[in-house]
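Asker: Quick one: this structure, given as structure tokens, is what I'll be asking you about.
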Amino acid sequence: MSPESKKLFNIIILGVAFMFMFTAFQTCGNVAQTVIRSLNSTDFHGSGYTSMAIIYGVFSASNLITPSVVAIIGPQLSMFASGLFYSMYIAVFIQPLPWSFYTASVFIGIAAAVLWTAQGNCLTINSDEHTIGRNSGIFWALLQSSLFFGNLYIYFAWQGKTQISESDRRTVFIALTVISLVGTVLFFLIRQPDSENVLGEDESSDDQDLEVNESAQSTMGKAVDAFKKSLKLCVTKEMLLLSITTAYTGLELTFFSGVYGTCIGAVNKFGTEEKSLIGLSGIFIGIGEILGGSLFGLLSKNNRFGRNPVVLLGILVHFIAFYLIFLNMPGDAPIAPVEGTDSSAYIKSSKEVAIFCSFLLGLGDSCFNTQLLSILGFLYSEDSAPAFAVFKFVQSICAAVAFFYSNYLLLHWQLLVMVILGFFGTISFFSVEWAAAAIVARGSDYRSI
């Protein structure tokens with residue numbers, strides 16, 4: 001197998017492994033609040049929003065140390081260990097107890113930070129400046145296929161049900177746990193890429209000598225160095241600007257992955273289909289994600305206009321989705337009780353409009369995330385693990401904040417926050433991309449700035 005074929009194989013395996021793991025986890029996150037509402041009539045008392053706030057809060061704090069973990073044990077083992085914790089969290093729902101539910105939320109927060117830092121590192125070392133856009137698109141399309149498969153099952157299994165029984169819950173979460181474990185094992189199929197032509201590496205003998213010296217460093221030295229790089233990257237101009245865009249992706253991640261499905265499931269005017277519509281919503285979010293990831297991955301090779309048009313498309317699509325959701329959903333839907341809400345929206349609530357908005361949310365999200373992965377892999381090719389750690393740190397802390405306020409804020413206030421941050425996040429991305437394009441036009445090295 002040629003070096004390029006091996007790298008492409010690694011990207012595909014990486015995407016497929018994430019597809020299995022997140023078929024389980026994203027389906028779990030999509031139905032968690034609905035399942036827990038059904039459980040709260042028993043001895044169990046908890047909140048899916050609170051659990052997600054804990055996950056993303058711990059996730060954000062852990063991102064500062066994860067480059068050190070990846071530097072010590074490597075990306076492959078890091079992803080495998082993280083996958084085990086993801087499976088543990090999903091298994092908790094088979095027989096949930098408040099203490100195990102919230103404890104697992106803490107552990108998966110740490111695991112998620114390690115997983116995503118290792119993923120960014122693996123993506124970068126298997127790419128070069130010509131393939132980073134394509135590989136980001138391939139990975140994103142495979143990852144978001146996860147939204148399709150798990151939610152398809154939810155749609156058919158829960159059709160016509162207004163309450164989730166214990167047997168329904170156990171069947172779903174046993175299956176999701178097994179699926180997550182399959183994805184975890186797949187990480188062992190990733191092969192070590194050949195050292196030449198890896199993004200951020202030159203072929204000079206000086207760099208080869210540097211690699212020898214790096215391999216001689218102590219494990220602790222590598223860990224400390226990775227931590228220092230993370231702190232330095234946090235205050236660079238480019239990372240600060242990209243952090244605004246990243247913060248927006250954290251808020252909209254919370255909205256489409258946890259809040260919007262809960263809103264749909266709470267609208268009593270949708271009738272007996274309200275619970276199965278949660279699964280259908282997830283499917284159409286996935287279709288939007290897959291379409292976006294595939295399209296932008298294919299176009300990246302011949303895209304003469306850079307990343308800005310894709311991000312502009314993303315924010316326009318999201319603004320349309322937010323406006324339609326504002327009109328179509330009752331304001332109290334995110335915080336409705338277990339019985340749901342009979343409140344009226346500005347227009348007659350339509351299932352078709354609700355599902356169309358799911359598609360728009362997924363398509364817009366893929367616009368932002370594929371381009372953020374691409375620009376980070378390009379700008380920080382030599383410091384990929386710390387760069388992706390900072391990216392996930394900002395995204396996850398904003399997601400944690402959003403999950404926390406989702407317990408209290410009415411729908412229109414949540415949409416307003418996303419509109420404001422989305423606007424400024426788009427402008428900040430444009431400025432970084434223009435700077436990167438100018439560097440490429442001059443033919444100089446971005447790292448020399």
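In case you wondered, yes, glycine gets a Cβ from its N, Cα and C as well.
Heads up, here are the entries from TrEMBL:
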TRANSMEM  7-26  transmembrane segment
TRANSMEM  46-65  transmembrane segment
TRANSMEM  100-118  transmembrane segment
TRANSMEM  138-158  transmembrane segment
TRANSMEM  170-190  transmembrane segment
TRANSMEM  239-257  transmembrane segment
TRANSMEM  277-298  transmembrane segment
TRANSMEM  310-329  transmembrane segment
TRANSMEM  387-405  transmembrane segment
TRANSMEM  411-441  transmembrane segment
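Tell me about the surroundings of these features in the structure.
Answerer: Non-local neighbours of the transmembrane segment (46-65) in the same chain are 29, 32-36, 39-40, 96, 98, 101-102, 105-106, 108-110, 112-114, 117, 227, 230-231, 250, 254, 258-259, 262, 389-390, 392-394, 396-397, 399-401, 403-404, 406-407; each lies 6+ residues outside the stretch with a CB under 8 Å from one of its CB atoms.
Listed by sequence, the residues of this chain that lie at least six past the ends of the transmembrane segment (100-118) yet keep a Cβ under 8 A from its Cβ atoms are 46, 50-52, 54-63, 65-67, 69-70, 75-76, 78-79, 81-86, 88-89, 92-93, 385, 388-389, 392-393, 396.
For the transmembrane segment (138-158), the residues of the chain that approach it from at least six positions outside its boundaries are 11-12, 14-16, 18-27, 30-31, 119, 123, 164, 168, 171-172, 175-176, 179, 275-283, 285-287, 289-290, 292-294, 296-297, 362, 366, 369-370, 373, judged by C-beta separation under 8 angstroms.
Under 8 Å from some Cβ of the transmembrane segment (239-257) lie the Cβ atoms of residues 26, 29-30, 52, 56, 233, 285, 311, 318, 358, 361-362, 364-365, 368-369, 372, 375-376, 387, 390-391, 394-399, 401-403, 406, 414, 417-418, 421-422, 424-426, 428-429, 431-432, all in the same chain and six or more residues away from its ends.
Same-chain residues lying 6 or more positions outside the transmembrane segment (277-298) and placing a CB less than 8 Å from one of its CB atoms are 26-27, 30-31, 34, 133-148, 150-158, 256, 260-262, 264-265, 270, 310, 351, 354-356, 358-367, 370-371.
A Cβ distance under 8 Å defines the sequence-distant neighbours of the transmembrane segment (310-329), meaning residues of its chain 6+ beyond its ends; these are 245, 252, 260, 263-264, 267, 296, 345-347, 349-350, 353-354, 356-357, 360-361, 363-368, 370-371, 411-412, 415, 418-419, 422-423, 425-426, 429-430, 433.
When Cβ-Cβ distances below 8 Å are used as the criterion, the transmembrane segment (387-405) is approached by residues 49-50, 52-57, 59-60, 63-64, 66-67, 109, 112-113, 116-117, 119-121, 124, 230, 233-234, 239, 242-243, 246-251, 253-255, 258-259, 372, 376, 379-380, 414 of the same chain, each at least six residues removed from its ends.
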Asker: Restricting to the same chain and to residues at least six past its boundaries, which positions have a Cβ under 8 Å from a Cβ of the transmembrane segment (170-190)?
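Answerer: Residues 10, 13-14, 16-25, 27-28, 31, 76, 79-80, 83-84, 86-87, 90-91, 93-95, 122, 150, 153-154, 157 contact the transmembrane segment (170-190) from elsewhere in the chain.
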Asker: Using Cβ atoms and a strict cutoff of less than 8 Å, what residues sit near the transmembrane segment (411-441) while being 6 or more residues removed from its termini?
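Answerer: Beyond its ends, the transmembrane segment (411-441) has Cβ neighbours at 238, 241-242, 244-249, 251-252, 255, 259, 263, 306-308, 311-312, 314-315, 318-319, 322, 325-326, 329-334, 371-372, 375, 378-379, 402, 405, 449.
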